[in-house]
Amino acid sequence: MSAVLAPTVRIQRQDFDVAAEIAALTQGRADVGAVVSFSGLCRDEQGALSALELEHYPGMAEAEIGRIAAEAVERWPLQGLTVIHRHGKIRPGENIVLVVAASAHRQAAFEAANFLMDYLKSRAPFWKKEHRTDGSEGGWVEAKETDTQAAKRWKSSSE
């Protein structure tokens, strides 16, 4: 019987190194045949954003993301899973989120990473506030309907 994979979930203020996180997940592993990573960056679409401030309720965010990461491990045959989400003020071009899924085969890794990102974009307990280059504060950013719809494709028939 194989050991149950414990996903790595971190909520942190500091930046992360994508290559280092992938290396940490795959170092010395001969059972991994595919690694899919998604790194989400802070984007400034109109040239007016100085920072995006992400707030979370400590404990709740880790528990919720841990729950969905555990569901990914149950649904797909993964050899490794890392989810990192930052909080605090994040400037355009900086990392916000990282999902790294490792599996023996690519389909499981791709699907698990997609599943996690759809969840993170629509239901993870983070609140985002825009800070503009003119010194003003923008509004709180809501989840997009397209993100909510994307997450619905993963619901099981029992939900």
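From the backbone N, Cα and C atoms, a Cβ is placed for every residue, glycine too.
Per Swiss-Prot, the features are as follows:
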- Leu41, Cys42, Arg43, His105, Arg106, Lys121, Lys128, Lys129, Glu130: substrate binding site (BINDING)
- 130-159: region 'Disordered' (REGION)
Would you say which of the binding-site residues Arg43, Arg106, Lys128 has the most Cβ atoms within 10 Å of its own Cβ? Lys128
Say we define neighbours as other CB atoms within 10 Å of the CB. Which of the binding-site residues Leu41, Glu130 has the fewest? Leu41
Secondary-structure category, per DSSP, in which Arg106 (substrate binding site) falls: helix
Lys128 (substrate binding site) -> DSSP, reduced to three states, gives strand
Whole number in angstrom, please: the longest C-alpha to C-alpha distance across Leu41, Cys42, Arg43, His105, Arg106, Lys121, Lys128, Lys129, Glu130 for substrate. 39
